[in-house]
Every structure is written in structure tokens, then in C-alpha cells.
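Chemist: Would you mind keeping the following structure in view while I ask a few things?
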Amino acid sequence: MPNTILKLERIRKDLELSRSIRQTIIPNLSLSIERGEFVTITGPSGSGKSTLLYLMGGLDKPTSGSVWLDGDELTAKNESEMNRIRNEKIGFIYQFHFLLPEFTAVENVSMPMLINGRRSRKEIRDRAMMLLDLVELQDKYTNKPNQMSGGQQQRVAIARALANEPKVLLGDEPTGNLDSRSANNVYQLFDRLNRELQQTIIVVTHDEAFANRASRRIHLVDGQVAYDRQLRTEASVTNEAASLVS
């Protein structure tokens, strides 16, 4: 379907514990993500949430089955091709920000664009500053990570993930190390990116409040979808956004 950005077909993932012992993490899972969706993935520890996210992002390959992203079959790509796809089409945000400590906010956000090599130095710097403006860090351009709070560091990481205009933004517990206020700020940023830029966002989270504020929630148990629920219509998203600024 033209509106499907990510599709998983009959995915199985086994973890090889030894030559004779395998543990099945995901036994047989199929699902699709539509363009512009804001999806949270929840479930108990060991349910396969992060494994599923890494399969979606091409950081791991399934034992069997196929993963499609924006028309590319990730499971058919070699590592060189996957490096290109990850750089160009996927933005990753982790529980820890992984910012380079010796670089400023602008330099950290610039890094994926420098690797991509499709913009001039001026274009890269201009876009890095624009993205920092977008995440409301316009006064932190020259700050290094140790000169920012945890919430600010994570917002720099989000700006970095957006650097190459990814088709999909993937987050693995992005608020896990943050206090409740900073976590709420990150949620509101994701919500704004989704509403205003129609950015497709998929986030693994243990945070129930965060999980239920997305437009769709997928809950895993033992590597299988226990439920897949639409949480909000476009109208309810607009009404909630209005209440936040009223």
C-alpha cells in the first residue's frame, strides 16, 4: 500500500545461546506502520520490544521473514547498503544520548550530514542550527554535552536523529533516564514533530503515560502482539495540542 512506510512479514527472531540451544524472542509477527503515525511499543521486560525496534531499523536481521522500509527490503541488503539506508532514512534515539563529548551541539547535530556528504559545510551548519531551533535549543549552539541538562542533551540527540530528514524516527526508551518534567518535554516534542511535520515516529517505552499519548499503541507479550490499538484520531490530537497552549 502506498501509505505503508514500514512492513514486517512473518518475522521470526531466534537468539543462539549455544551451538545446540536457541531461544525464540519473536516467534511469528507481522505488522505495518503507516506514514505519519506516532506509535508506541510496550510490554513487559523480555517481551521483544527492543528486538522488534532493532529489526525495524535494520540494526539486526530476523532469523526468517522480511522487513520493508519505504520500498526497500532491508532483509535483502548487505551491510554497506544498510549503512546507507540507516544514514538516509532512519533516525535513532536511545535511552542514553550518545553525544560526542568534545563536540558542541551544532557539531553533534552536523555529524550525520557530514557522513552523508550531500550538503555543503554551510548548508550543514545552517540545518544543524535550524534543527536546534526546532527543539528549542537556540541558545545552546556552542554548548558541549557537559554544559547541558539531561533533557537538553536528549533534545540535541533528537535534532541529530532528524539531520538527514529520515522517513522514520525510532526511539528506544528515549525518556528512560529523564525526570518526569524532561520526559514530558520530550513527549511534547515528539507530538509536535508528528503533528506539524507528519514525521513517522515509533517509540519503545515502559512509561504508561507516554505510551497512551501516541496515536497507536502496540503491546507485546512473549514476542507476539497482544493488542494493537488506535488511541487518538487526528481531531483529538489537534484538541489536545490546543489545550497544551491554552
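Any Cβ shown, glycine's included, is placed from N, Cα and C.
So Swiss-Prot lists these for the protein:
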type	residues	note
DOMAIN	6-244	domain 'ABC transporter'
BINDING	G43, P44, S45, G46, S47, G48, K49, S50	ATP binding site
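Show me how these features fit into the structure around them.
Modeler: Around P44 (ATP binding site), a 10 Å sphere centred on its CB holds 13 further CB atoms from the protein chains shown. In this structure, P44 (ATP binding site) belongs to neither helix nor strand by DSSP; it is coil.
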Chemist: In sequence order, which same-chain residues at least six apart have a C-beta under 8 angstroms from S47 (ATP binding site)?
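Modeler: Those within reach of S47 (ATP binding site), by Cβ under 8 Å and sequence separation of 6 or more, are L220, V221, D222, G223.
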Chemist: Residues other than G43, P44, S45, G46, S47, G48, K49, S50 within 8 Å, Cβ to Cβ centroid, of the ATP site?
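Modeler: For the ATP site, the extra neighbours are T51, L220.
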Chemist: State which of the following binding-site residues has the fewest other Cβ atoms within 10 Å around its Cβ: S45, S50.
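Modeler: Comparing Cβ neighbours within 10 Å for the binding-site residues S45, S50, S45 has the fewest.
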Chemist: What same-chain residues, at least 6 away in sequence, bring their CB to under 8 Å of the CB of G43 (ATP binding site)?
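Modeler: Sequence-distant Cβ neighbours: K49, H219, L220, V221, A226.
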Chemist: If you average per-residue pLDDT over the domain 'ABC transporter' (6-244), what number do you get?
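Modeler: Summarising the domain 'ABC transporter' (6-244) by its mean pLDDT gives 90.
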